Amino acid sequence: MAQKKPTMRRQQKPQHNNGKPGLIISHYGVAVLVRFDNGEEHPVKVKRNSDHVVGDRVMVVDERVTSLERRNALRRRDPFGKVRTLAANLDLLGIVVAVRPQTPSGFIERVVVAARAADIAPLLIVNKQDLPGTTAFEDQLQRDFPAMPRLAVSAKQGDGLELLRHELAEAGRSALVGVSGSGKSSLLNALCPGIDLETGDLNEEDHGCHTTSVSTLLALPNGGELVDTPGFRDFSPVDVSSEALAHWFPGVMSILEEQPCRFRNCRHRQEPGCRIKQAVTQGTFSEQRYQLYLNTLEELEQLETARNEGRKNPFCR
Ligand SMILES: Nc1nc2c(ncn2[C@@H]2O[C@H](COP(=O)(O)OP(=O)(O)OP(=O)(O)O)[C@@H](O)[C@H]2O)c(=O)[nH]1
Ligand SMILES: [Mg+2]
């Protein structure tokens, strides 16, 4: 009997029969782009809601992707309550801000909490140094986040990029987050000449246009890897216990290191002898930031209560 001819489809499939290790460098919903350890890059199909993310080390066996254990992952809850994983196995998180478009109040604090809790070092990247108003904006950041590492750059004019290149090479794997239009993709283009990621102008309300829709990991020419992510205006941490929140929240520990609260398990609400409440009264911890702390604390407590009672995420709409 004549042998059956292999189909075209079979012939065209890349061969991963023995299992090939690689790294997810982009995610398109139903497929991931894998950079294999031998340098090849291939898309591999995945289920639409699979948990694979950029930065995952994977084994691909017979066109099936299995993620290996993660060192960490940056996760957030979106405005619909859904938990989103942005990237995995990160060393540094660049929070890109600029005088235009404005970053919503509380965004930086919440990103910092999520990053620190996941053992990812946060770095404030103040882009668009060439725009008027940047000096006053930087002064405000210095007052609000005196202890936060910060770099001033301009993707457009090249200022500060040498230092940024150095930081990113030293760090290992980094990701950029920030509101749409803050200049994340422009920074990647400036750092990796020739990649030509799409960038988009601000609209009439001075907001970005959500130009980037998928995260992409790129190897930087001077060392290190950088993930470009789509912009978003909200950031609700998920992997932080309500108990640990104060530990990661910007500005809290520097007060408690001087003098702790009376109770070790103080949540800084109404407890007597609370140093944070005192600092708010004395004006050394802003009322606005304190409210943000309380709101975040409440959200985390609601998530924990729902989890303990086996209920669904209470923020899911
Ligand atoms: N003046 C000035 N404009 C910049 C600078 N960096 C970026 N831009 C502009 O800011 C706009 C938005 O830049 P993008 O790089 O698309 O911003 P993004 O953060 O990637 O935005 P999303 O992909 O929507 O999240 C574009 O018009 C850029 O040209 C800069 O250093 N100075
Ligand atoms: Mg972009």
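Each Cβ is built from the backbone N, Cα and C atoms, and glycine gets one as well.
These numbers come from a predicted model, not from an experiment.
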One of Cys274, Cys316 listed by TrEMBL as binding Zn(2+) at the site of Cys261, Cys266, His268: Cys274
Top Cα neighbour of Gly178 (GTP binding site) in the set of binding-site residues Cys261, Cys266, His268: His268
For Lys184 (GTP binding site), the one of Cys261, Cys266, His268, Cys274 that lies nearest, given that the binding-site residues are compared by Cα: His268
Spatial separation of Cys274 (Zn(2+) binding site) from Asn127 (GTP binding site) - C-alpha basis, Å: 37
PLDDT averaged over every residue in the domain 'EngC GTPase' (88-233): 96
Binding-site residues close to ligand 2 - of Asn127, Ser180, Ser182, Lys184, Ser186, His268, only those whose C-beta is under 6 Å away: Lys184
